[in-house]
Amino acid sequence: MKPLLGTFYLLGMLVPGWLGYDRSLTQQRQEVVDKVVSPWSILETYSYNRYHPMGEIYQWMSEIREKYTEVVTQHFLGMTYESRPMYYLKISQPSSNPKKIIWMDCGIHAREWIAPAFCQWFVKEILQNYEDNSRIRRLLKNLDFYVLPVLNIDGYIYTWTTDRLWRKSRSSHNNGTCFGTDLNRNFDASWCSIGASHNCESLTFCGTGPMSEPETKAVSSFIESKKENIACFLTMHSYGQLILVPYGYTKNKSNNHEELIQVGQKAANALKAKHGTNYRVGSSADILYATSGSSRDWARDIGIPFSYTFELRDNGTYGFVLPETQIQATCEETMEAVLSVLDDVYEKYWYTNSARKAKSTALVLGLLMSFMSLL
């Protein structure tokens, strides 16, 4: 930990109940951010090969927004159970044409630290390379990226202060006798029907009802409002080295299952080509275990065509406590996989439509010329 940031790391723990309710919500959430960020800039020396506490991630988001004002905006999504603000970054180039949205969230399970590390890596790679890398430039010209670096902020902070292997959120249940909901069992996708528990002490406690948690409400409300334009929903997890497609709650397949598998396998091949890491591709019900209430299945159920869960390194040697020495390689190979998925989304939703428009235009011009020749 950098000496200058030590104090702000501690402030980043944010004791619940701090916010005064006589102030506006905007003032409240700004106070939270003000109290966890350092007055010194961290961006120039920010290491993407380290895990960062939430205070540093808040500050990183603010400084990324300030440095790349031409393409980055920061947006409020909602408040966590313990009254911390949830922000996402929108990376977008101005365009006169409608653009499809790519959604990516990380850290829905608190202990999976490599996931937020990848979200930060993804943002860094896009912003540092979009001007010179033709592949990224083409994608950003036609797609908007919405990135939520840490979804389960309360739980993530708890893994830094108290229990490194904490999984759930930090909501209170049974009169304060047990804590936390598995946010990836709380979405309205065959909620709590299989692979989840109604026991609040369970790691897979599904909550008191679908979307019962403020974090899942915030995400689902936003996604619902944009679903007509969202082409791809990516949620990053660990561990297991898997690319999962819907569904977890049934062995039945989505109506575009073969396409999802094909795109996913291509991504796994791109990932393997980087460092030789093997990933398996399939539905959770087929290659992992049955689950209900996942964000991936919910996203597909509401009509988002491409919906994937990435389970990053490793296969169990280190499990959730993946060493920092593996961050770079993990992020490099995952970046190749994600770009492969985005290439396919681009081909389907932009290139194909453009080609169709060009063909229609050529047909109209041909008919017009034929008509003119008869005059």
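Cβ from N, Cα, C; glycine included.
The signal peptide annotation in Swiss-Prot covers 1-20.
If you look up Swiss-Prot, you'll see 50-345 marked as domain 'Peptidase M14', on the strength of sequence analysis. Mean model confidence for the domain 'Peptidase M14' (50-345) is a pLDDT of 98.
Per Swiss-Prot, Zn(2+) binding site is recorded for His109, Glu112, His237. Around the Cβ of Glu112 (Zn(2+) binding site), the same chain contributes His237, Ser238, Tyr239, Leu312, Phe320, each under 8 angstroms and 6 or more positions distant in sequence. DSSP assigns Glu112 (Zn(2+) binding site) to coil in the three-state reduction, outside any helix or strand.
Within 10 Å of the C-beta of Asn175 (N-linked glycosylation site) there are 6 other C-beta atoms, taking all protein chains into account. Annotation source Swiss-Prot lists N-linked glycosylation site at Asn175 (among others), citing sequence analysis.
The N-linked glycosylation site annotation in Swiss-Prot covers Asn252 (among others) and rests on sequence analysis. DSSP classifies Asn252 (N-linked glycosylation site) as coil under the three-state reduction. Asn252 (N-linked glycosylation site) has a Cβ environment of 10 other Cβ atoms inside 10 Å.
According to Swiss-Prot, the active site, proton donor/acceptor annotation covers Glu311. The Cβ neighbour count for Glu311 (active site, proton donor/acceptor), using a 10 Å radius and every protein chain shown, is 20.
Sequence-distant neighbours of Asn315 (N-linked glycosylation site) (same chain, 6+ apart, CB under 8 A from its CB) are Tyr239, Gly240, Gln241. In the three-state DSSP reading, Asn315 (N-linked glycosylation site) counts as coil. Among the features that Swiss-Prot reports, N-linked glycosylation site is placed at Asn315 (among others).
Residues or ranges marked as GPI-anchor amidated serine in Swiss-Prot (evidence: sequence analysis): Ser354.
Of the listed binding-site residues, namely His109, His237, the sparsest Cβ surroundings within 10 Å are found at His237. Rounded to a whole number, the distance between the Cα atoms of Asn175 (N-linked glycosylation site) and Asn252 (N-linked glycosylation site) is 39 Å.
Taking the mean position of the Cβ atoms of His109, Glu112, His237 as the Zn(2+) site, the remaining residues of that chain whose Cβ falls within 8 Å of it are Gly107, Ile108, Ala110, Arg111, Ala115, Arg167, Asn184, Met236, Ser238, Glu311, Phe320.
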